[in-house]
Amino acid sequence: MASTLLLALVFVIDLIAFALAVAAEQRRSTATVGNDGKESYCVYDEDIATGLGVGSFLFLLLSQMLIMVASRCLCCGKAMRPSGSRAWAVVLFITCWVFFFIAEACLLAGSVRNAYHTKYKNLLNNPPSCATLRKGVFGAGAAFVFLTAIVSELYYVSYSKADEATISHGKDTGLRMGNL
């Protein structure tokens, strides 16, 4: 059966990754236009969301690596018996990796874009364009962190059920040496 300790550890790590992604969404950088008399420039607030996004990225990566090492990434190790659990394990394995890549892309792109602060100054009376991260990028990352957490734990449970049973060759193996 699936290791309860591993499932609990992965759950806690995924919960931390989710909380960091939600916090990054709440604390993303904003900009205001400053003016010193003859030129306008962008003034950015504190940049804590980038660190939160990178932290969420790393915690999700750790969680995924723990699950994949424990299950030997589905492709290494002994063969699993043909069953519904094996079929679900394969489907959940693929789904888990798709959700993982989407979550990691959102978190990484959000962190990079949030860290980017324009140095543009405008000498005319027009205010400069201050680039900031769109609302919802870290939120999408948090949603996919949540989906990755659910699917990866279901994958590990299905993998454990399929891996438990051994293939029995006790009856007829299909090879008959008597005809030779």
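Here the Cβ of each residue, glycine as well, is placed from N, Cα and C on the backbone.
Predicted automatically and left uncurated, TrEMBL annotations should be read as such.
As annotated by TrEMBL, signal peptide applies to 1-21. Summarising the annotation, TrEMBL assigns transmembrane segment to 48-75, 87-116, 136-157.
Residues 21, 24, 28-29, 47, 49-50, 53-54, 56-57, 60-61, 64, 67, 74, 80, 131-133, 137-138, 140-141, 144-145, 147-148, 151-152, 154-155, 158-159, 161-162 of the same chain lie 6+ residues outside the transmembrane segment (87-116) yet bring a C-beta within less than 8 angstroms of a C-beta in it.
With a cut-off of 8 Å between Cβ atoms, the residues of this chain six or more beyond the transmembrane segment (136-157) that come close are 2, 6-7, 10-11, 14-15, 17-18, 21-22, 24-25, 28, 49, 52-53, 56, 60, 63-64, 67, 70-71, 88-89, 92-93, 95-96, 99-100, 102-103, 106-107, 109-110, 113.
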